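Right, one structure below, let's go through it.
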There are 2 protein chains.
Amino acid sequence: MGKRDNDKPDSETAGGLSRRGFIGASAAIGAVGSAAGLLGGGLLAASSDVRAAGQGKADVAPGELDEYYGFWSGGQSGEVRILGVPSMRQLAAIPVFNRDSGTGWGQTNESIAILGESHKRGWQNGDTHHVHMSYTNGSYDGRWLFVNDKANSRVARIRCDIMRTDKITIVPNVTSIHGLRLQKVPKTGYVFANGEMIVPQPNDGRDLENPANYWTLFSALDAETMEVAWQVWVDGNLDNVDTDYAGTYAFSTCYNSERGVHLGDMMRAERDWVVFFHVPRIEAAIKAGKFKTIGDSKVPVLDGRQAAGSDFVRYVPVPKNPHGINTTPDGKYAIANGKLSPTCTIISLEKIDHLFAGKINEPRDTVVAEPELGLGPLHTTYDGRGFAYTSLFIDSQVVKWSVEEAIRAYGGEKVNYIHQKLDVHYQIGHLKASMAESRDCDGKWLMALSKFSKDRFLRVGPLHPENDQLIDISGDKMVLVHDGPAIPEPHDCIMVHRSKVRPKAIYTRDDPMFAATVAMAKADGVDLEKDSKVIRKGNKVRVYMTSLAPSFGITEFKVKSGDEVTVVITNLDTVEDVSHGFVMTNHGVGMEISPQQTASVTFTAGHPGVHWYYCSWFCHALHMEMSGRMLVEA
Amino acid sequence: MGKRDNDKPDSETAGGLSRRGFIGASAAIGAVGSAAGLLGGGLLAASSDVRAAGQGKADVAPGELDEYYGFWSGGQSGEVRILGVPSMRQLAAIPVFNRDSGTGWGQTNESIAILGESHKRGWQNGDTHHVHMSYTNGSYDGRWLFVNDKANSRVARIRCDIMRTDKITIVPNVTSIHGLRLQKVPKTGYVFANGEMIVPQPNDGRDLENPANYWTLFSALDAETMEVAWQVWVDGNLDNVDTDYAGTYAFSTCYNSERGVHLGDMMRAERDWVVFFHVPRIEAAIKAGKFKTIGDSKVPVLDGRQAAGSDFVRYVPVPKNPHGINTTPDGKYAIANGKLSPTCTIISLEKIDHLFAGKINEPRDTVVAEPELGLGPLHTTYDGRGFAYTSLFIDSQVVKWSVEEAIRAYGGEKVNYIHQKLDVHYQIGHLKASMAESRDCDGKWLMALSKFSKDRFLRVGPLHPENDQLIDISGDKMVLVHDGPAIPEPHDCIMVHRSKVRPKAIYTRDDPMFAATVAMAKADGVDLEKDSKVIRKGNKVRVYMTSLAPSFGITEFKVKSGDEVTVVITNLDTVEDVSHGFVMTNHGVGMEISPQQTASVTFTAGHPGVHWYYCSWFCHALHMEMSGRMLVEA
């Protein structure tokens with residue numbers, strides 16, 4: 001089966017360091033012109049599978065459970081996905097910024113309340129990039145997931161007990177939230193979000209054609225309230241972000257320090273930078289009232305631009321257009337990935353302390369190594385045993401290297417810090433090892449999120465799946481064990497040990513998701529767990545009904561064409577997994593009601609006639625007979 | 001890892017035939033009352049995994065291809081999914097009735113044109129049930145897929161060259177399209193679609209409370225034009241449908257011959273029926289003008305009710321509330337599944353010929369066997385070696401049995417036609433063997449689509465995945481080899497050998513999907529493959545641009561707030577898999593543009609200011625820099 005013509009091995013010398021000078025200052029501009037050639041070359045460079053031999057068993061037998069929850073951002077799909085690892089089976093899709101036909105996300109009154117302003121604006125798409133779980137003392141606490149939306153500049157929160165989105169915030173003053181990470185210590189008090197694209201401040205029509213007055217901001221959201229606590233005005237486009245294990249810093253890569261608006265301009269400078277934010281000093285400055293606000297927004301904004309000379313922001317120059325930034329699990333280093341440079345830059349967080357304390361004057365003196373790794377380094381992850389794993393987009397490889405050896409080499413010692421390069425298929429973006437972004441980094445599995453799959457799967461038309469490749473890193477050598485096709489674009493992921501996550505099997509009746517609906521019922525004199533009632537107020541009709549397999553509490557109700565009908569269903573089933581659905585035929589109406597959940601939907605009654613509603617979740621041998629009639633009079 | 005408390009073996013005598021009398025006439029009514037108990041019992045009855053031992057290897061190594069395309073209906077998700085079999089990896093999601101954030105389905109002008117009336121009505125949900133591939137001479141021809149929407153009474157067609165929906169038809173005069181199958185011989189000229197729920201005819205407000213005047217219709221769509229060619233008025237609720245291998249018949253199960261509107265009424269009769277439609281005679285009757293029309297619809301409707309005594313419809317009584325109907329691959333029999341009876345009914349298609357020819361007078365005389373199989377038989381599939389495999393919903397089992405042995409037993413011979421029962425987990429609905437609905441039935445794999453997964457996977461909150469279980473049927477015994485979690489509800493599937501499907505790697509420029517957009521450009525004097533131009537007509541602005549990694553052909557354009565902006569993008573990349581995306585930030589706008597595709601989207605320019613657009617499909621090392629600005633003036 002299926003080995004392809006272009007699946008030819010490529011030697012490490014051809015695919016690796018020997019090409020390292022290629023993306024230099026002028027070569028990079030050339031690369032833009034010959035984009036198709038560069039890309040084609042990269043695609044042809046990938047190669048040689050290594051199959052599991054003893055090490056690396058991704059198979060999970062029927063009836064057995066995966067060891068890890070994988071939380072995947074869904075990219076343009078606007079959702080977040082849950083996979084089991086190592087089986088790589090998708091267990092759930094959590095609708096976030098998208099519209100979901102199955103659950104009725106974006107149509108039920110409960111989800112509309114959460115979508116809020118996004119719903120009012122008619123937004124039905126999103127572009128989720130970075131999903132992260134809340135921490136307590138640097139360990140995952142299983143409480144929330146947070147994820148950004150690059151498309152419409154938002155941040156969302158997901159409750160891990162029911163795996164549903166419960167808050168969405170539109171971040172003001174910025175265009176495109178790209179990087180997103182969480183405060184790790186003492187707990188996730190802040191969600192840090194990078195504004196990526198530079199725009200006039202305020203963006204109200206002024207300075208349209210004067211990019212010299214375009215700027216972006218770094219934002220901190222309060223994890224509890226999901227309100228934006230403060231913003232910091234910075235130089236350049238913010239890309240990715242990470243935080244330390246001390247509770248002091250957040251730090252963001254910047255890929256357009258030139259603040260250009262065209263591709264060529266964005267690559268002029270030999271170096272861009274990593275921006276370090278000193279959180280306690282920022283809080284002090286806010287408290288001291290040293291902020292301003294922008295336009296209609298009430299969010300306090302501090303000026304962290306270099307020219308402002310603040311005490312809470314420092315800019316550390318690194319080679320051009322860096323992309324990922326990743327803290328080592330021992331908390332010692334932040335490692336920035338070169339993208340257009342074949343290097344990573346290792347910055348000592350202890351030296352950052354000294355920089356902010358004034359003991360170091362030159363920001364570059366916080367750099368303790370700048371190892372050469374290969375072409376297109378984008379992200380780095382860790383195994384907790386001193387090794388780093390960096391994705392090489394152009395080389396289509398994962399490189400395993402030693403952080404301490406790289407530091408010794410930077411000090412002049414002759415040491416080969418590169419331990420292995422493994423081909424991936426193809427054009428890897430993010431990569432992530434199990435538990436690698438927590439104190440509990442365990443070095444078992446590594447996920448390589450490859451952007452192209454080309455010929456790795458059965459062809460499904462012009463739009464190809466991406467390829468999430470599972471690599472066993474538990475031994476000396478990385479071993480590729482599984483190719484996982486993915487609906488574009490699963491931008492990033494985390495893998496969390498199952499002991500950290502404790503979802504509910506059924507809803508509890510006091511769930512805040514439907515508290516407003518419960519309150520509405522109470523005001524209508526309805527006991528949701530007992531009553532099935534129709535209440536009419538003018539042309540507004542509320543239809544309260546229970547569901548218990550295989551019956552709805554009401555099997556017919558009468559309305560007039562054009563009435564505003566709200567159907568409220570409470571699922572009385574208490575058996576795990578006995579979800580019901582409610583579909584009103586020929587009305588574009590459908591939603592999920594899981595055990596002990598209340599859900600509601602409002603729609604306009606259509607043309608006069610008989611309109612059946614039915615249960616859309618297979619619930620019982622008599623599921624098909626679980627239906628009722630809406631009788632619509634003229 | 002993970003064996004659970006309720007995963008206890010259950011003996012075949014307890015779970016199997018000894019309970020067969022349970023769902024008799026009066027017991028069935030009792031079952032409604034004790035619904036939770038019945039269901040709970042079923043859930044606890046499932047058991048004992050059998051692991052692959054030599055036979056049954058679902059693992060597909062990295063870089064190797066699956067042998068089969070699996071096409072899955074997505075149920076309430078409104079989509080169709082493509083999986084590789086046997087790896088069970090999802091390769092693609094085809095948006096059909098749903099709204100897709102990633103590709104912009106429901107937002108691009110090209111998709112809006114296909115959604116048509118559904119878009120005008122604001123419908124964004126669907127409930128796909130049965131997906132089937134077009135045939136030539138009884139073999140899959142790789143041309144189209146067809147799928148029904150139960151929620152909003154529609155049928156859609158998918159082009160298999162690009163795996164995109166190209167036609168959606170709202171079927172008139174019916175509520176809920178449930179069963180859907182295709183003419184197999186000489187080719188798929190008709191798509192047969194069962195109207196499920198009974199409504200007044202016409203459904204315009206008359207007879208609201210007079211169910212005696214509720215009826216449903218059987219519909220035939222022309223596969224080429226997707227227009228409804230004719231309908232047949234029938235008795236009872238139509239459930240599932242299948243066709244023969246001679247080009248003569250379609251036949252539908254009926255689960256509510258009583259034409260009741262409440263659960264109890266729908267189960268009164270001891271027998272419902274299978275309705276046989278004689279297609280050539282129907283065509284002759286239409287040609288002879290023996291039809292009427294209903295309400296505003298122009299579709300010719302024949303009266304096929306029993307009272308009308310037509311020559312083109314026959315009703316064959318079968319035990320109560322039958323569900324699935326499945327033609328044996330040798331074309332000899334149609335097998336109806338009992339649902340509330342523990343039996344399947346084997347109907348000889350040769351005897352159906354005799355029934356229509358008047359050589360047989362009593363419809364029941366076409367029945368050649370009625371084997372007892374277990375509780376809740378829903379669907380039957382085949383291996384091409386004489387065995388049938390029936391799903392038992394209540395028993396949570398697949399039963400393997402011999403068709404010819406069952407016929408011999410019905411004739412009085414003492415033969416045990418049941419060869420094996422395999423537990424599945426849990427509550428199986430559809431099941432399907434590879435190629436089983438074609439002449440090329442090959443008996444390799446069987447898919448068991450289990451409706452509940454309960455404890456088989458890591459818990460992901462109250463809404464559980466379903467469980468698609470892969471079973472190796474190539475040997476004497478069925479062997480369960482893989483548990484596949486699925487986002488609800490993957491109602492049904494087919495497995496088609498990869499030799500039958502030949503999708504394109506990139507679009508061709510003459511693709512009808514964007515022909516209207518190409519014509520619009522031509523009228524505007526724009527050469528889509530060369531020009532990047534802005535054309536203004538009043539407050540309507542058309543922005544034509546190319547895309548070639550990593551650049552858009554236009555990097556800034558100016559409009560006024562409130563303008564109607566249409567962005568048309570032509571992806572000039574010719575390298576397989578180099579798709580681009582277009583997202584207009586903070587406007588809720590996003591779409592896919594694959595190689596050589598043209599796609600367009602129309603939106604209203606928002607508030608004055610700078611609004612960036614960017615490429616949302618990772619396309620190049622400089623992908624993040626692939627962006628441009630919409631400058632919006634007051």
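Note that Cβ sites are derived from N, Cα and C of the backbone, with glycine treated the same way.
The following features are taken from TrEMBL:
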BINDING   B:H129, B:H178  Cu cation Z2 binding site
BINDING   B:H130, B:H430  Cu cation Z3 binding site
BINDING   B:Y255, B:E258, B:M266, B:D272, B:N321  Ca(2+) 2 binding site
BINDING   B:H323, B:H379  Cu cation Z1 binding site
BINDING   B:K451, B:E466  Ca(2+) 1 binding site
BINDING   B:H491  Cu cation Z4 binding site
BINDING   B:H580, B:C615, B:C619, B:M626  Cu cation A1 binding site
BINDING   B:C615, B:W617, B:C619, B:H623  Cu cation A2 binding site
DOMAIN    B:536-634  domain 'Cytochrome oxidase subunit II copper A binding'
REGION    B:539-634  region 'COX2-like'
TRANSMEM  B:21-45  transmembrane segment
Which ones, out of the binding-site residues B:H129, B:H130, B:D272, B:H580, lie near enough to chain A that their C-beta is under 8 angstroms from one of its C-beta atoms?
none
Apart from B:C615, B:W617, B:C619, B:H623, which residues in this chain have a Cβ no more than 8 Å from the mean position of the Cβ atoms of those residues at the Cu cation A2 site?
B:A549, B:P550, B:S579, B:H580, B:G581, B:S616, B:F618, B:H620, B:M626
Quick check: with B:H580, B:C615, B:C619, B:M626 left out, which same-chain residues have Cβ atoms within 8 Å of the centroid of the Cu cation A1 site Cβ atoms?
B:S547, B:A549, B:P550, B:F552, B:G581, B:Y614, B:S616, B:W617, B:F618, B:H620, B:H623
Return only the integer: C-alpha distance in Å from B:H323 (Cu cation Z1 binding site) to B:H130 (Cu cation Z3 binding site).
13
With every protein chain in view, what's the tally of Cβ atoms within 10 Å of the Cβ of B:M266 (Ca(2+) 2 binding site), excluding that atom itself?
24
Could you please provide the mean pLDDT value for the domain 'Cytochrome oxidase subunit II copper A binding' (B:536-634)?
97
Quick one: give me the count of other CB atoms within 10 A of the CB of B:W617 (Cu cation A2 binding site).
27
Any idea what the Cα distance is from B:E258 (Ca(2+) 2 binding site) over to B:H379 (Cu cation Z1 binding site), rounded to a whole Å?
22
Per-state residue totals over the region 'COX2-like' (B:539-634) - DSSP helix, strand, coil:
3 helix, 54 strand, 39 coil
Collapsed DSSP category at B:D272 (Ca(2+) 2 binding site):
strand
Measure the Cβ-based neighbour count of B:H623 (Cu cation A2 binding site), defined as the other Cβ atoms within 10 Å of its Cβ.
21
Of B:H129, B:N321, B:H379, B:H491, which binding-site residues are close to B:H623 (Cu cation A2 binding site), meaning a Cα within 10 Å of its Cα?
none
What does DSSP call B:M266 (Ca(2+) 2 binding site) in the simple three-state scheme?
helix
Check the DSSP secondary structure of B:Y255 (Ca(2+) 2 binding site), expressed as helix, strand or coil.
coil
Cα distance, B:N321 (Ca(2+) 2 binding site) to B:H580 (Cu cation A1 binding site), nearest Å?
50
Cα distance (Å, whole number) from B:H491 (Cu cation Z4 binding site) to B:C615 (Cu cation A1 binding site):
35
I'd like the number of other C-beta atoms within 10 A of the C-beta of B:K451 (Ca(2+) 1 binding site), please.
26
Could you give the Cα-Cα distance between B:K451 (Ca(2+) 1 binding site) and the residue listed as 'Cu cation Z4 binding site', in whole Å?
9
